[in-house]
Amino acid sequence: GRMKPVIVVHGGAGRIFKEREQGSRDGVVRAALRGYGILKQGGSALDAVEEAVRSMEDDPHFNAGCGSLLNEKGEVEMDAIIMDGKNLDSGAVSAVKCIANPIKLARLVMEKTKHMLLTDHGAHLFAQAMGIPETPGEKLITERSWERWKKNLEPDSNPEEFQKDLGTVGAVAIDSEGNVACATSTGGLSNKLVGRVGDTACIGSGGYADNHSGATSTTGHGESIMKVVLARLILYHMEQGMSPEMAADTALDYMKTRVGGLGGVVVINSSGEWAARFSTKQMSWATVKDDQLHYGIYAGERHTKSVDEALASESGGF
């Protein structure tokens, strides 16, 4: 292939509490390295983003898969999307319960059905038909999510205050063939209404991928993201000639001024330029390009390591 492969991942925009910073950093770095490993061997962007997101779903530091926040009834309901920039195929699931990796189910919706989005009970039946093992709901619930849920039930609590700690996960990639893809997965908002679906499962909001322009995965206040169709808006700006960074900043700024919403994005364009931008206080992100790993959490923070060095220091965790 002629393209240099690149992957960019995020572990959610919002407020990352001190005690979770290291875990968030390690988690996005691990996800980026795993996705890049697939690309390095000539694998597809689609496989790379799915693997990166699966890695974060399995990591309790993030609000996706295990570690998802709980709805008003104290249950985990998850949303996920994946999209192939080659032919604009996409698969998504919403309000799914009792499976470890919603992103895998989204990929199956894309590849094994004529549909793009399956929800709740229907998604559950489809998962069974595909032989996806059921994970007891409580296996996905962490102490942290449980504490958060209980706190938000107190009469004087303000769930809005906690919504700043969001933590959707996502990834974008370009492979050696020049194909792009995106994947996004989330447990949604803490104490949300049963059946609430946010931006993640919605094509153009939670993610979008098109070989002609690039790919993006979003995180932040779902309802705001949906109002401006954030992922597609960023690609539109790139189609008008903006760099990934400029497109991301312009779209995030519009979302903030127009609807008062904060969020973050990872973006890649069709020539492999990337950006990780956010209007929240923090967003954990990592990228690998040219065998160099870059990562950070705070605005302006960027650490760089060679992939070999990163893999050597990670091997304990792998």
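Including glycine, each Cβ sits where the backbone N, Cα and C put it.
Of all Cβ atoms in the shown protein chains, 32 besides its own fall within 10 Å of the Cβ of T168 (active site, nucleophile). What TrEMBL lists as active site, nucleophile is T168.
T219 (substrate binding site) has a Cβ environment of 33 other Cβ atoms inside 10 Å. Sequence annotations record features per position, and here TrEMBL assigns substrate binding site to R196, V197, G198, D199, T219, G220, H221, G222.
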Please work out the number of neighbouring Cβ atoms within 10 Å of the Cβ of R196 (substrate binding site), leaving out its own Cβ. 17
Give me the count of other Cβ atoms within 10 A of the Cβ belonging to V197 (substrate binding site). 21
Taking the Cβ of G198 (substrate binding site) as the centre, count every other Cβ atom within 10 Å, in any protein chain shown. 23
Taking the residues R196, V197, G198, D199, T219, G220, H221, G222 listed for substrate, what is the greatest CA to CA distance in Å, to the nearest whole number? 16
